[in-house]
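Below is one structure, written out as C-alpha cells; comments come after it.
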Amino acid sequence: MSGRGKQGGKARAKAKSRSSRAGLQFPVGRVHRLLRKGNYAERVGAGAPVYLAAVLEYLTAEILELAGNAARDNKKTRIIPRHLQLAIRNDEELNKLLGKVTIAQGGVLPNIQAVLLPKKTESHHKAKGK
C-alpha cells in the first residue's frame, strides 16, 4: 500500500475563526490583513488585531444602541443617519471622539438661544397678587 487512505491518523479538527475564538462579531482576520497591508508597522503581533476588532465592535455597539433609542423615541423602527447624529451629539464622550466628523444627512441638533425665546409676561403674576 502507498500509505494514503482514510484509515489511521487523526481527523483534522473543524477550522475555528479567530473572531469566534475571541467571542467577537467583527472579523479579526480582516483587521489583521488591513493592519499588515496598511504599512502602519513592519510587524503586527497576534493580539493587536483582536484588540482592535474588539474596540471597533464595542464602539459600533454603543453607537447603534444609542441610535436605536433615538429611533424608538421618534417612533421609528429603522435607524437613519439622523438617529446616528442625534445619538452621537447627545452623548458627551462620543461627541468628543467624533467632534470633527460630518454625518451625511444627519442634520443638526435642535437648539434655540435663550435670548430668542419669548419672555414670560409678568401681568399674569400681578393680577393674582391683587
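The backbone N, Cα and C atoms fix where each Cβ goes, and this holds for glycine too.
Annotated in Swiss-Prot:
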type: REGION; residues: 1-22; note: region 'Disordered'
type: MOD_RES; residues: S2; note: N-acetylserine
type: MOD_RES; residues: R4; note: citrulline
type: COMPBIAS; residues: 7-19; note: compositional bias 'Basic residues'
type: MOD_RES; residues: K10; note: N6-succinyllysine
type: CROSSLNK; residues: K14; note: ubiquitin cross-link
type: CROSSLNK; residues: K16; note: ubiquitin cross-link
type: MOD_RES; residues: K37; note: N6-(beta-hydroxybutyryl)lysine
type: MOD_RES; residues: K37; note: N6-crotonyllysine
type: MOD_RES; residues: K75; note: N6-(2-hydroxyisobutyryl)lysine
type: MOD_RES; residues: K96; note: N6-succinyllysine
type: MOD_RES; residues: K96; note: N6-(2-hydroxyisobutyryl)lysine
type: MOD_RES; residues: Q105; note: N5-methylglutamine
type: MOD_RES; residues: K119; note: N6-crotonyllysine
type: MOD_RES; residues: K119; note: N6-(2-hydroxyisobutyryl)lysine
type: CROSSLNK; residues: K120; note: ubiquitin cross-link
type: MOD_RES; residues: T121; note: phosphothreonine
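In this structure, the C-alpha atom of K75 (N6-(2-hydroxyisobutyryl)lysine) lies 41 angstrom from that of K16 (ubiquitin cross-link). Closest to K119 (N6-crotonyllysine) in space, going by CA atoms and restricting to the recorded positions K10, K14, K16, Q105, is Q105. Tertiary proximity for the compositional bias 'Basic residues' (7-19) is limited to same-chain residues at least six positions away from its ends with a CB under 8 Å from its CB atoms, namely 25-29, 32, 49-50, 53. Cβ neighbour count for K120 (ubiquitin cross-link) (all protein chains, 10 Å cutoff from its Cβ): 7.
Q105 (N5-methylglutamine) carries neither a helix nor a strand DSSP state and counts as coil. For K37 (N6-(beta-hydroxybutyryl)lysine), the number of other Cβ atoms no farther than 10 Å from its own Cβ, over all displayed protein chains, is 8. Separating the Cα atoms of K120 (ubiquitin cross-link) and K10 (N6-succinyllysine) is a whole-number distance of 84 Å. Looking only at Cα atoms, K96 (N6-succinyllysine) sits nearest to Q105 among the recorded positions K10, K16, Q105. Spatial neighbours are here defined as Cα atoms within 10 angstroms of one another, and by that definition the residue listed as 'phosphothreonine' has no neighbours among the recorded positions K14, K16, K37, Q105. Here the compositional bias 'Basic residues' (7-19) has, by DSSP, the following mix of helix, strand and coil residues: 2 helix, 0 strand, 11 coil. According to DSSP, T121 (phosphothreonine) sits in a coil region rather than a helix or strand. The number of other CB atoms found within 10 A of the CB of K16 (ubiquitin cross-link), across every protein chain shown, is 8.
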